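All remarks here apply to the structure that follows.
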Amino acid sequence: MTGCSAPAETSGSRKMVDPFGRNISYLRVSVTDRCDLRCFYCMSEDMTFLPKADLLTLEELDRLCSAFIAKGVRKLRLTGGEPLVRRNVMSLIRSLSRHLQSGALKELTLTTNGSQLVRFANELKDCGVKRINVSLDTLDPARFREITRWGDIQKVMAGIDAAQAAGLAVKINAVALKNLNEDEIPSLMEWAHSRDMALTLIEVMPMGDIGASRADQYLPLSMLRARLEGQYTLTDLDDSTGGPARYVRVSETGGKLGFITPMTHNFCESCNRVRITCTGTLHTCLGHEDASDLRRPLRASPTDELLYETIDRAIGLKPKGHDFIIDRHNRPSVSRHMSVTGG
């Protein structure tokens with residue numbers, strides 16, 4: 001009696017596990033490096049953006065995302081720049097939603113500055129997006145303009161209103177900035193919680209030349225948390241979100257507050273994510289200069305086998321942890337900008 005042998009494992013069916021046993025199930029994809037704001041901790045005011053010809057087409061982005069989903073990605077986040085300023089980006093989101101319908105993908109989401117949500121919130125909901133992150137560092141209109149260099153906070157507020165009206169869950173991300181918005185964190189938190197939105201605080205990360213010293217902007221969240229504990233009752237939560245944030249429940253508001261602390265307490269031991277830039281470069285670590293070109297194998301063959309092999313090699317080189325430091329001599333730890341990598 002002859003037994004049936006198991007089918008041979010192919011690169012496409014092989015799940016992504018790095019050298020340290022971490023299963024890669026979360027993909028962040030920057031669909032553009034362009035943004036309609038110029039937040040000073042992210043990019044310089046006269047930022048030179050990539051030539052549009054260098055960007056992957058929307059069809060190529062779809063194929064790349066689909067390849068990663070075939071290899072075990074269950075959460076896909078679109079980022080930028082500002083993802084919603086990419087021309088025809090909704091056609092990509094609508095196409096990717098087929099993976100939600102098939103059950104291959106558990107979550108399709110995005111991080112946005114909120115400026116385009118009035119236009120796109122309902123369509124995002126129709127495409128199966130259930131939750132989004134909105135980057136907002138202040139509630140003060142003048143301070144918002146200072147941080148973003150020319151932004152209109154009313155557009156963002158209207159966008160948040162539109163997102164919630166469409167049925168999207170919204171989480172607010174705020175970068176903690178020394179001597180700029182640190183005094184406003186309690187009121188920002190109370191506002192977010194009053195709107196049934198979690199707030200996640202993020203330390204400044206040393207990525208890309210921004211024409212200013214990040215040492216002047218850096219505020220350790222351990223210090224900020226200690227201040228908050230003087231005003232509020234914070235209870236640690238054992239939320240396993242697969243992300244870098246550590247959450248607490250704020251008794252006085254009933255809401256959730258997250259801390260992302262790459263500088264003071266890294267999150268590398270549980271890292272389950274990789275990033276793809278809008279030019280098709282794969283970065284397996286936010287805080288390393290590692291890079292694997294996926295555009296070449298993507299365009300070299302109409303089938304995905306070469307692409308899968310390139311992905312497997314890159315995952316096999318994923319480092320154990322990042323190299324972030326705040327350099328008093330104003331040198332970024334990583335030369336590429338967050339807007340290119342995907343924030």
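Our numbering is plain: 1 for the first residue shown, then up by one each step along the chain.
Yeah, the Cβs are placed from backbone N, Cα and C, and that goes for glycine too.
When the candidates Lys171, Lys178 are compared with the GTP site entry in Swiss-Prot, which names Arg28, Arg77, Thr111, Arg273, Val274, Arg275, the shared residue is Lys171.
When Cys127, Cys285 are compared with the [4Fe-4S] cluster 2 site residues Cys268, Cys271 in Swiss-Prot, the one appearing in that site is Cys285.
Ranked by Cβ neighbours within 10 A across all protein chains shown, the binding-site residues Cys39, Cys268, Cys271 are led by Cys271.
Using a 10 Å Cβ-Cβ cutoff, Arg275 (GTP binding site) registers 20 neighbours.
If you take every residue in the domain 'Radical SAM core' (19-244) and average the pLDDT, you get 94.
The secondary structure of Cys268 ([4Fe-4S] cluster 2 binding site), as reduced to three states from DSSP, is helical. Separation of the C-alpha atoms of Ser135 (S-adenosyl-L-methionine binding site) and Cys268 ([4Fe-4S] cluster 2 binding site): 23 Å, rounded to the nearest whole number.
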